[in-house]
Amino acid sequence: MEVASGGGTGPRRNSVAFWLLGLCNNFAYVVMLSAAKDILEKDSKHIEKPCRPEVTTRECQIMSTGSVLLADIIPALLIKVLAPMFIHRVPFGVRHFIVVFLQAASFLIVGNSGSTGFALFGVVLASFGSGLGEISYLALSSNYPSTVVAAWSSGTGGAGLIGASIYALLTDSKLLGISPKHTMFIMLILPVLFSFAYWSILQIPRSIHRAHFLQPNSWITSLETTSSESRRIEEEEEGLLENTEGEEEGENVSRRTEMSKIRKALPLLRFMVPLISVYLAEYYINQGLLELLEFDCSHGLGMSSESQYRWFQVTYQLGVFISRSSSNYITIPTKYLTSLAILQILNAGFFTFTAVYSILPHIILAFFAIFFEGLLGGASYVNTFRAVHREVSIENREFSMGVVSISDTIGIVFAGFLAMPVHNLICSTPL
């Protein structure tokens, strides 16, 4: 399933490949959140109400978009929690094939679904694919210079901005007016680009185990053959072959390796806890509070409430994209990662107060606050993974990148469960 790479590694070419991998991997996740209202309403038409001259009451949906968020993130969390213990036996090429297949299937199912339940199944497949992709490509990045981590982070930020913008552009009745169903079919170009980025652009090191399509026995490795440990394992195998108890000793080594993974994970909490806190706060804002913010015609630039929400999401993704793309120029020291979490928690408090009491006089101020929220989230993500790449020893780096990658998912799951009751509570209070 993997193609041989010719020649040595090309830093710029590999950075482009990781940027595209980040873009494609997160694209389906973003599109599913952008399509949350269409999925919940089972409506193929994008109906948009005009702005209200005066906002005197709250307009709330019966079901919060937080429910789609949970369907879009819980499967990814399960993959990220369980995969580090066995995923090393699956070659990167096989993982990539699975990720691309799940993404294509999710677009087809959501586009063809005639019920909310079936559409949510498609969302679940997209979540499994993005979760497996993130843990795989971050682990793969340990075989390249740290610049590819910045490229990956920039790509994931670009997925948010580009995905939210394209979905709004295609489905907005005042723009292209394409139905959500056909928009999902248009998105099938992404799995094609995804495949091209890995198999044609990325130069894969020779130390990476390769799976071949016509050789099923190469689809699973019997030993840990990740590039960071391949040389050490080869030396161990040579030593084991020289004694009659080699097989038994190999099993003991394998058991010790599994136990050591738990010990390796504990020091990573100093990276994980701040990142979990940042994502909990920002997705609580995005899926629980932003849909409750509404400005009248004179203070909302004449936009409907649906349009305001859509541009809130685009503004947030713009902040994420800028901060994730700037880490090569502005690097935040590890000791300040906790400060980013504190600022994002304060942001959540501010937006909660704003959703309840409508203290912002104009939508422009809301755009600035949401943009700042996106900057904090993107900066926390990219600087956390750069810190892990920089501070963790090379023999533990691949495992550590995979473990830390579950942090944002854990935070988003907590945010989804928190957003729904808070959304309902605020909706039940008078404006």
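Using N, Cα and C of the backbone, Cβ positions are placed for all residues, glycine too.
All TrEMBL annotations are machine predictions without curation.
Annotation source TrEMBL lists transmembrane segment at 16-36 (among others). Long-range Cβ contacts of the transmembrane segment (16-36) within its own chain (Cβ-Cβ under 8 Å, at least 6 residues beyond either end) map to 65, 68-69, 72-73, 76, 99, 103, 106-107, 110, 122-123, 126-127, 129-130, 133-134, 137, 141, 144, 148-149, 151-160, 162-164, 166-168, 180, 183-184, 187, 190-191, 193-194, 196-198, 201-203, 287, 310, 313, 317.
Residues 1-2, 24-25, 27-28, 32, 35, 39, 118-119, 121-123, 125-126, 128-130, 132-133, 136, 140, 180-185, 187-188, 190-191, 194-195, 198-199, 204, 208-211, 219-220 of the same chain, all 6+ positions outside the transmembrane segment (92-111), place their C-beta atoms under 8 angstroms from a C-beta of that stretch. According to TrEMBL, the feature transmembrane segment maps to 92-111 (among others).
Under the heading transmembrane segment, TrEMBL lists 117-140 (among others).
What TrEMBL lists as transmembrane segment is 147-170 (among others). Proximity of distant same-chain residues to the transmembrane segment (147-170), defined by a Cβ-Cβ separation under 8 Å and at least 6 residues beyond the stretch ends, is recorded for 11, 14-16, 18-27, 29-31, 34-35, 137-138, 141, 176, 178, 183, 186, 310-311, 313-314, 316-318, 320-325, 327-328, 378, 381-382, 385-386, 389.
Sequence-remote contacts of a segment are chain residues at least 6 beyond its ends whose Cβ falls under 8 Å from one of its Cβ atoms, and for the transmembrane segment (182-202) they are 2-3, 5, 13-14, 16-18, 20-21, 24-25, 27-28, 31, 35, 93, 96, 99-101, 103-104, 107-108, 110-111, 167, 170-171. Feature annotation from TrEMBL assigns transmembrane segment to 182-202 (among others).
Per TrEMBL, region 'Disordered' is recorded for 229-256.
Positions annotated as compositional bias 'Acidic residues' by TrEMBL: 235-251.
Under the heading transmembrane segment, TrEMBL lists 336-356 (among others).
With a threshold of 8 Å between CB atoms, the same-chain residues lying at least 6 positions outside the transmembrane segment (363-382) that come near it are 149-150, 153-154, 156-157, 274-275, 278-279, 282, 285, 290, 293, 295, 299-301, 303, 308, 311-312, 315-324, 327, 332, 337, 340-341, 343-344, 347, 350-351, 354, 408. Taken from TrEMBL, the feature transmembrane segment applies to 363-382 (among others).
Residues 58, 60, 64, 66-67, 69-70, 73-74, 76-77, 80-81, 83-84, 87, 131, 134-135, 138-139, 264-265, 268, 271-273, 275-284, 287-289, 291-292, 352, 355-356, 381, 384-385, 388 of the same chain lie 6 or more positions beyond the ends of the transmembrane segment (402-426) yet place their CB under 8 Å from a CB of it. Among the features that TrEMBL reports, transmembrane segment is placed at 402-426 (among others).
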